[in-house]
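Colleague: Below you will find the structure I want to go over with you.
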Amino acid sequence: MTMTSFRPRLLRPLLIAVIGGGLPFSTIQAGTGHDHPEPAAPLTKSADAKAEATQPRPDLDEGKDGHDANEGAHGDGEETHAEGEVELSAEQIRAAGIETQVVTPVSVGASLSLPGEIRFDEDRTAHVVSRTPGVVEEVKANLGDRVRKGQVLAVIASEQLSEVRSELATAQQRLQLARTLYAREQNLWQERISAEQDLLQARQTLQEAEIAVRNARQKAQALGGAASAQGGSRYQLRAPFDGVVVEKHLVLGERVDEASNLFTLTDLSRVWATFAVPARDLDRVTVGRKVEVLAGELDSRTEGTVAHVGNLLGEQTRAATARVTLANPAGAWRPGLFVTVRLDDERQAKVLGVPNGAVHVVEDRTVVFVRTADGFQATPVVTGVRDGERTEIRQGLSAGQVVADRGSFILKSELGKGSAEHSH
């Protein structure tokens, strides 16, 4: 099959109206016993051919099939056009939204583009839980709030914390008494009034009281309370670092325990871009490799460095998970956003290149639509290296030629329609 020229479909109604009045819709061929509609004359017929089509064909032999009688309709009267030509005026090109680019030398390098997703930086994400069971008395933070380190997120009434603080208060009172007794026994022993054994006993009591206070303080601190007996049963749940509340799982009056995840807090000033690397490309994706992260939905891009490449392949995907750590001071890179992670190889020397959208495959041949005086010409080319934006053209084009870029798929579609009608 070869590519054929045609006139654009949007011109056909006008041409048919001009020449169609003098053409019979069908012709009954004698001697066959069957009626065969005569094909409509091609739009490229000359004026002589049009007139001839309206006259009887005396040279037709009776008994021949109607299709044989019309074999000349596809050839003798047609105008000659270049193979693969799409005729369009400048006005039609503008109306179709077809944009053009000049063929120039560019730097093209082989690149690897992999789909990815923005995720929380797990090193800066925390599940905030209560260290003691109790009932929620106050909720001071809501979903989406920005909080500071140490800020109170919720207040919980805890019976366990109340007991620990009571124990601490008792131990502190005993310590105070033990210190008083020890000071008294020390004075009596210095005055030779009491025995040394009484002094040693008072010293031991003081040491035991100090140990009891330390233990009670450690228990209070382990439950997240202050190292004092004040505060009663009120447990204050605090933010471990500056961040944003991205999950909230508590309401007033709810009973919680140590296993309850009450808040999820994350620092969005830094995020991860995770992506799957097929086994065949693992040698190209290494820790420390510079990459570009693109978000088509935001029309934005940034650069980062591969921070981790997984050691295991997924059972279903047969790919390893890699990640890039991205600075996110403005918060534009939101978790859940789909991105493309691109790794560019070393750039090549200047070569002729065209936008990727300008290259098409027509009838098993790679072509580019080159601008001509009458429209566009489907020109076969030999391509080379392709990156995320441009394709190297090794043969078929010269610098300075103008090719169709955006909207060129319209030309490919129309060329296919014209080829199909011609073959009929």
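Quick reminder: no glycine exception, Cβ is built from N, Cα and C everywhere.
For reference, TrEMBL lists these features for the protein:
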- 1-30: signal peptide (SIGNAL)
- 29-84: region 'Disordered' (REGION)
- 58-84: compositional bias 'Basic and acidic residues' (COMPBIAS)
- 124-267: domain 'CzcB-like barrel-sandwich hybrid' (DOMAIN)
- 154-226: coiled coil (COILED)
- 163-222: domain 'CzcB-like alpha-helical hairpin' (DOMAIN)
- 270-346: domain 'CusB-like beta-barrel' (DOMAIN)
- 354-412: domain 'CzcB-like C-terminal circularly permuted SH3-like' (DOMAIN)
Colleague: For the domain 'CzcB-like C-terminal circularly permuted SH3-like' (354-412), what does DSSP give as the number of helix, strand and coil residues?
Modeller: 8 helix, 33 strand, 18 coil
Colleague: Looking only at the domain 'CzcB-like barrel-sandwich hybrid' (124-267), how are its residues distributed among DSSP helix, strand and coil?
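Modeller: Helix (H, G, I), strand (E, B), coil: 60 helix, 38 strand, 46 coil.
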Colleague: With DSSP as the yardstick, break the domain 'CusB-like beta-barrel' (270-346) down into helix, strand and coil residue counts.
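Modeller: Secondary-structure breakdown of the domain 'CusB-like beta-barrel' (270-346): 3 helix, 41 strand, 33 coil.
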